[in-house]
Amino acid sequence: MTGLVASFGTFQAYYEDDLLRDNSPFAISTIGSLQSFLMVFLGFIAGPVFDLGYARQLLWVGSLLIVVGSICQSLSSNLWQLLLSQGLCVGVGMGSLAVLGVAVLSPWFSTKLPVATGIAAAGSGVGGLVLPIMFRSLEPAIGFRWTVRTMALIALTTLAISIVSMHTPKASAQRRAWIDRSAFRDVPYLLFVCACCLVFLGMYTPFVYVQKYALATETASPRVATYLLSILNGASILGRTIPNLFASRIGTMNMLVVAVLILSISAFCLMAVSNATGLIVVVVFYGFSSGSFFSLQPATFTQITSDRNFIGTRLGMAYSVMSVALLLGSPVGGALVRTFGYSSAWIWAGVCLALGSIMIACSRGMAKGWRLNHRL
């Protein structure tokens with residue numbers, strides 16, 4: 001499901017060269033940023049709905065919207081139609097399902113929940129690995145419309161399996177609060193939310209533009225460029241699973257600081273690559289560390305929340321704020337590409353990620369202390 005977001009860079013490159021060639025990279029990127037925004041923001045609403053026992057209804061609604069939106073996407077021929085179908089309809093569908101990916105695991109796992117969450121999160125990387133290759137292989141042979149319809153059929157099949165097999169948890173006996181006012185006085189929590197906003201502002205820029213960058217600058221051949229996004233997402237699969245195995249020993253937040261720092265360094269390194277080999281190496285590091293961020297971030301929110309009864313509420317509050325960063329990040333990168341070139345977009349991403357790493361370190365220091373041997 002979230003593999004659609006991770007593979008949007010393939011659509012970005014295709015739209016710029018073909019279907020939406022008269023539109024700017026900034027305008028085209030709003031499709032993917034709207035999709036990402038809705039996926040994250042609607043978790044603020046879907047969380048309480050899930051707690052009330054409507055998990056299966058969320059799954060039905062989300063599945064229907066994703067499939068219908070994808071079919072409408074295949075019929076679209078201009079920007080506003082794609083904004084409504086791929087951006088709005090599919091985005092709302094993913095927002096309905098996003099909370100289920102983690103929430104349905106908790107009744108089945110206790111001590112191994114972080115590992116289970118990492119494995120579940122790896123599904124996004126698998127989707128991001130397969131879908132770009134699939135699109136680039138099928139589009140020249142059967143065209144854009146039938147390629148997207150084929151992707152819709154795959155979504156329908158996998159979602160149908162989820163509908164049949166999903167265990168529906170019992171409704172919560174107590175209604176979850178929408179806002180925890182004590183969070184506004186919790187400095188480590190506020191710093192971590194700010195850090196995640198900075199990370200989301202910059203992180204998706206390479207996801208969206210690295211494939212087009214390789215083609216435009218001839219850093220890699222068209223064949224290699226086609227696989228860059230799949231390589232990035234393939235590396236993220238390892239990043240979503242391996243760090244979780246060591247998080248309890250090293251500290252989730254400690255690993256997160258390092259992961260985001262590597263993200264920042266990798267973004268800056270994109271300015272220096274001059275051949276396909278160097279680009280692939282940077283993409284692998286970027287993919288692995290981005291996967292680490294995705295899998296470690298929810299566990300960190302859990303660790304810095306003292307009252308476990310408010311974890312869901314605080315997550316919803318945080319993601320509603322972070323969704324705004326997702327909405328703005330890629331379009332800003334697109335505007336920089338159009339005005340100043342790709343290097344400016346990589347600088348934007350690198351600076352945002354570096355500031356995010358610093359803010360995570362500050363949150364850790366305020367929560368646990370500044371000694372390096374503290375595990376958090």
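Glycine residues also receive a Cβ, built from the backbone N, Cα and C atoms like all the rest.
The annotation domain 'Major facilitator superfamily (MFS) profile' is assigned in TrEMBL to 1-368. Annotation source TrEMBL lists transmembrane segment at 26-46, 58-76, 82-106, 113-134, 146-166, 187-204, 254-273, 279-296, 317-340, 346-367.
The list of residues near the transmembrane segment (58-76) in space but at least 6 beyond its ends in sequence, with Cβ under 8 angstroms from a Cβ of it, reads 1, 4, 46, 49-50, 82, 84-86, 88-97, 99-100, 144-149, 151-152, 155-156, 159-160, 162-163, 166.
If one looks beyond the transmembrane segment (346-367) by at least 6 residues along the same chain, the residues whose Cβ comes under 8 Å of a Cβ in the stretch are 187-189, 191-192, 194-199, 201-203, 205-206, 253-254, 256-257, 260-261, 263-265, 267-268, 270-271, 304, 329, 332-333, 336, 374, 376.
A mean pLDDT of 86 is what the model gives for the domain 'Major facilitator superfamily (MFS) profile' (1-368).
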